[in-house]
């Protein structure tokens, strides 16, 4: 983990934060121009919405003009507990009975999750031809602020697959530091408020070390990607970093699941995964495969099954993705579940403090009915979440009550209800391509990057072996405080970085 200076919240740092509403319009225009030019010069860009299949026309990744204030003690807590979070999800991913039981009601109406469970069971019966796995995780939080002004760290979700935006995040940190220098904040204040940020190396190093440990130098790293991909450059930064780490010995290729169904073959004897009948695959890095839209036909599910049954190291393997559902997040909040995987009571207590209230809807008991009725009566206090990664399909406000009123018992089992967090609100300028910068009230979501590489104690694997458990890198994704749904890819949120105080 990156070395962090030990300090408490520092109001003197916050006092130096620019009064954004008082900055002259001409200076704002100059700063915006500099940010956009710097972004293009350094690869902080995305493909446009109308040219998702090529990169010759790109635009600045939507971002804030300044870093956004975020409490240092909460940032440090997120970093401090991340190794344990990585270990927690790594261990859960190998607990077959727990994962099958947790999703028993979900799969009755959720076809997407059902497919994962089926492949998960197929891997178990195949006797684990690959006992190692790579977890690249981004753990997302908000700074919750109660009615008394007390602030606490609250987890939004964990991302075990396609933890993205790392290269954009580190470039946002750099350009924000540059902007603070331009408006002449003292260098000592900038050093305290803006920490070094290298999530791209974190992601790339995890993949490189898995490739190196595989022990077949000619084997490739396979990026599984989407057809329409606005975030291509972010992925390329990871690829180019792998090139540097391996002196270009780790060859990276890209493929969709649709193409994979045609081009990937599984050797039934030695379980080698082979591309185009020639190239053996060492590592499969999923930057797609987390959404139903990535599996339009059974062909794509066949490709996923072939990958999972092979001896290639998966990032993530199917168990980690199944552990990434909202249902698992909710079950972990129940008494005694977390402690089954983590024996350090103090660390369990720290992790539990980040949990918001979460409730499953599969039971027809008095407690569940009370939660449902409370959510219908006060929908503004809750979020209704399906199992999709990345916040897809969440319901907010009146939608919560409307959805709950129309679902039957089996349909409800595929959702969880989560206590709605009241995030800290700050002001910042938001920069979007071809738009004037807007000063607005924004809320931010802090993400922490990490990777873990190892094999677990399960069935015929006697001893858990954690070879690497590393934490480094962060991001803030900010959006208008009045906007509920959506992330950077669809234009609701923008890339940001923390100004730590």
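Here the Cβ of each residue, glycine as well, is placed from N, Cα and C on the backbone.
Copied over from TrEMBL, here are the features:
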BINDING   138, 235, 477  substrate binding site
BINDING   157, 159, 389  Mg(2+) binding site
BINDING   157, 326, 385-394, 396, 418-421, 445, 479  ATP binding site
DOMAIN    219-323  domain 'Glutathione synthase substrate-binding'
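Overlay of TrEMBL annotations on the structure.
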residue	record	Cβ contacts under 8 Å, 6 or more apart
138	substrate binding site	158, 159, 163, 164, 166, 447, 448, 449, 450, 475
235	substrate binding site	164, 223, 225, 229, 254, 287
420	ATP binding site	356, 380, 381, 382, 383, 396
Whole-number Å value for how far residue 157 (Mg(2+) binding site) lies from residue 386 (ATP binding site) (Cα to Cα): 12
Site diameter for substrate, Å, by largest Cα distance between 138, 235, 477: 18
Per-residue pLDDT averaged over the domain 'Glutathione synthase substrate-binding' (219-323), given as an integer: 98
For the domain 'Glutathione synthase substrate-binding' (219-323), the number of residues DSSP places in helix, strand and coil: 41 helix, 26 strand, 38 coil
For residue 420 (ATP binding site), the three-state class that DSSP assigns: coil
CB contacts for residue 396 (ATP binding site) [other CB atoms within 10 A, all chains]: 15
Alpha-carbon distance [residue 157 (Mg(2+) binding site); residue 477 (substrate binding site)] in Å: 13
